[in-house]
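Below you'll find the structure, written out as C-alpha cells, and then a few comments.
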Amino acid sequence: MPPSNLSSLTPDTFILTGIPGMEQLHVWISIPFCCMYLAALLGNGVLLFTIGTERSLHQPMFLFLSMLALADLVLSTTAVPRMLALFWFQAREISFGACLTQMFFLHFTCLTESVILLAMAFDRFVAICFPLRYGAVLTPSAVAKTGLAALLRNFCIIFPCIFLLRRLPFCGHNVIPHTYCEHMGIARLACADISANVWYGLVVPFTVGVLDLILIAVSYGFILQALSRLPSRAARHKALHTCGSHLCVLLLFYVPAAFAALTQRFGHNIPPQLHILLANLYVLFPPLLNPVVYGVRTQQIRDKVVKVFSLPRARE
C-alpha cells in the first residue's frame, strides 16, 4: 500500500473503553481512584511546598526528592483526570494527537522517575562512603545538571515511539480497551507489522530501566560494604535508616513497573480487567505512597512540615 494511503488511515480519534467487563462498576471504581489522586496531589504538594520554603532542606537529597514528587504529580495527572472523565461522563473519545501526547508523558515520566531514583541512590552512596567529599561532589550545579540529563535522556528514548506509531495504518480500528493511551495498546490496533514497536517498546525502555536498577544495586552494594566497616552500631543503624525510605520507594516503583510491562506483552492468560486495574493503580500508588514513606521515615521532613503549617496558628 502506498505511503499516502497509509497516512490516510490514521484515525482522527480513539475510543477508550475503560475497564472491559466492568463498565457498570466504573462509578464505584472511580471513588477510591479519585480519593487516591487527591491524596497524591496533597501529599506531593505539601512535600514540594515544604522543601521549597525551608532553606535548610535545600540539600541534594531533598532536591532529588522534590524532583520525584514533581514527576509523581505529572505521572498521575497525565492519566487520572482523563480516566475520571471517562468513568463519570462517558468521555471516551480522545484525539489521535492527544492520545500520543498522553502516551509520551506517561512513558517519559516513568523513565524520569527511574533516573531520579538512581540519582538518589548515588546521593546516599556519596553521603555514606565519602562523607567528607559530599558537598564538593553534589553541588547545586551537579543536581541541576543531573535533572537536565535525565530529561534529555528520556526524551531521546521515548520520542521515537511517536514516529513508530504515526507510521502505522489503523484501517478503522480505533477502540482501545484501556483507561489511557500507552504505546503497545495503540500499536496493537494497527493493521500492519508492529515488530519494530514491540522490540523498541520492550528492549529500549526495559534495558534502560534495568541498567538504572543495576547501578542502584551497585551503589547499595558499596553502601553495605561501607556500613559493615563502621565501628558503632548506632552509626550503622542511623545510616541504614536514611536508606530505608529510598529502598521502600524503589520497591513501590520497580515491582509494579516490571509487572505492568511484562504482562502487557506476555501475560496473555491474565484477565484484561486485572491488567488494566493494576495499570491504573501503578499511576496512583507510587505518587500516593512516596510522600507518605518519606514523610513518615524522614524526621527532617516531618519536623519541617509541622513547622511550616504551624506558623499561621502561632501568629494568630
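Quick reminder: no glycine exception, Cβ is built from N, Cα and C everywhere.
Per TrEMBL, the features are:
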- 43-294: domain 'G-protein coupled receptors family 1 profile' (DOMAIN)
- 27-49: transmembrane segment (TRANSMEM)
- 61-84: transmembrane segment (TRANSMEM)
- 104-130: transmembrane segment (TRANSMEM)
- 142-165: transmembrane segment (TRANSMEM)
- 198-227: transmembrane segment (TRANSMEM)
- 239-262: transmembrane segment (TRANSMEM)
- 274-294: transmembrane segment (TRANSMEM)
Stretch of maximal Cβ-Cβ contact with the transmembrane segment (27-49) [cut-off: under 8 Å; candidates 61-84, 198-227, 274-294]: 61-84
For the domain 'G-protein coupled receptors family 1 profile' (43-294), mean pLDDT (0 to 100): 87
Positions on the same chain near the transmembrane segment (61-84), where near means CB under 8 A and six or more residues out: 16, 18, 30, 33-34, 37, 40-41, 44-45, 47-48, 51-52, 91, 94, 102, 105-106, 109-110, 112-113, 116-117, 119-120, 123-124, 127, 140, 143, 146-147, 179-180, 249, 280, 283-284, 286-287, 290-291, 294, 300-301
